[in-house]
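J.: Sharing a structure here in C-alpha cells format.
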Amino acid sequence: MDNIDDEEQKLSVAKEELNKLTKQLEKAEDEKSRLQLAKLSAEDSKKEASKNVMVLQQQGKQRQEEFSKTVKGIQNDISMLEKGNKDLMEKLKKIQAKLQAKKSESATLQQRFKIYVQIPEKKVKFTRKEKDSDDSGQHIKGVFTIAQRPSVLLKGGQALITFEEEKVAAQILKMAKCTVSCDKDKVHVKPKSLTLDPFVKFEVHLDVSTKTLSFSNVPFTLSEERMRDRLEISFSKPSRGGGEVKMVDYDKHTGKGQITFLNSGVAERLALKRKYIVDMDREVNVKVDLVYNYKLKKFQTFCGTPTRTILLCGITDFQDEEDLQDHLEIHFQKPSNYGGEVECIKYVSGGNEVKAFFTEDMAEMEA
C-alpha cells in the first residue's frame with residue numbers, strides 16, 4: 001500500500017514536472033519563433049539598409065563625377081581666361097611699344113620741323129585804296145611765305161664739295177676711296193652721297209582786325225552787367241584815345257575780353273599804347289592788343305638730294321684746316337682724278353661741327 005502511494009506520488013510529481021517542462025518547451029518554442037521572426041525582420045532591415053547604402057554610394061559616386069566634371073570645366077575656363085589674358089597683355093605690350101615708337105617718331109619729327117623765325121619789321125607803303133567787300137576796311141590781311149633752307153650737319157673729319165657739273169659728282173661717287181696728296185703726306189678719303197635733313201615751306205595768312213581790341217587783367221569786382229557798362233564807358237572816352245563802342249565781350253573767369261569799336265583806327269591807336277586805364281570801383285591799368293588771326297596754309301615737306309654735292313669722310317686731321325681744304329680742292333679739280341670745276345668746298349677739322357645750308361637750286365627736292 002505504501003508502495004502504491006509512493007508510486008502515485010512519484011507519478012504526480014512526474015506529471016507536474018512534465019507539465020512544467022511542456023510549458024517551458026512552449027515558451028522556448030515561442031521564444032524561438034519570436035527570435036526567428038526578429039531575425040527575419042533584422043535581415044530584411046539589413047537588406048534594406050544595404051540597398052539604401054548602395055543607392056547612397058551610387059548617388060555619391062555620381063555627385064563626385066559631376067563635381068569633378070564641373071571643377072574640370074571651371075579649371076578649363078580659368079585656363080582659357082588666363083591664356084586670353086596673357087595674349088591680351090602681350091598685345092597690349094606690343095601696342096604700347098608701337099605707341100611709344102610713334103610718339104618718339106612724332107617728337108623727333110616735331111623737333112625736326114620746328115622752326116623759330118623772327119620775322120623782321122618791314123615798312124609798307126600804301127599806294128592806293130581798293131574797293132573790295134563791305135568788311136575790307138575792318139581787317140588788315142597779309143600773307144607771308146616761310147621757307148626753311150635745306151641743311152646738313154657737317155662733323156669733324158668731313159668735307160662737302162659742290163661741283164659745277166652733276167656728272168663730276170657722279171664719277172667721284174663711283175669710287176670706293178680717293179687718295180689725296182698733301183705735300184709729303186697722303187690722306188685717304190671716302191666719297192659718299194648726301195641726304196639732307198627734311199625741310200619745310202608754308203604760308204602764314206595773317207588777319208588783323210582794325211576795329212576790335214583785346215584786353216586782359218580786368219578783375220571781376222562788380223556784377224557782370226556793370227562790368228560791361230564800365231568797360232564800354234571807359235573805352236568810349238576820347239580823352240584817353242577811345243571811341244564809340246559797338247560791342248563788349250568780357251569773361252569774368254579769365255578777366256579777358258574784346259572791345260569792338262564802331263569806327264576803324266581806334267583799336268590800332270590804343271594797341272600802340274599796350275596799356276589802357278579803365279574805371280571800375282577803382283582805376284585799373286589793363287593790357288590791350290590787336291586781335292590777330294593766324295592760318296597755316298600750303299604746308300609742304302621736302303627731302304633734298306643734292307646732285308652736285310658729295311660728302312667726304314674719314315679725313316685725318318694732320319694739317320691746318322685751310323691748308324688741308326686747299327689740298328682737297330686742288331685734288332678734286334684735276335680731270336686726271338676724275339674731278340672737275342669746284343663751285344664751293346668746306347672742310348671741318350676734328351672736334352668741330354658746322355651746319356651747312358643749301359640753296360634750292362643745289363638740291364633736287366621731292367615733296
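Using N, Cα and C of the backbone, Cβ positions are placed for all residues, glycine too.
Positions annotated as region 'Disordered' by TrEMBL: 39-68. Feature annotation from TrEMBL assigns compositional bias 'Basic and acidic residues' to 41-50. The annotation coiled coil is assigned in TrEMBL to 78-112. For 159-246, 259-343, the entry in TrEMBL reads domain 'NID'.
Let's see these features in context: how buried, what's close, how far.
T.: According to DSSP, the secondary structure content of the compositional bias 'Basic and acidic residues' (41-50) in residues is 10 helix, 0 strand, 0 coil.
Here the coiled coil (78-112) has long-range neighbours at 197-198, meaning same-chain residues at least 6 beyond its ends whose C-beta is under 8 angstroms from one of its own.
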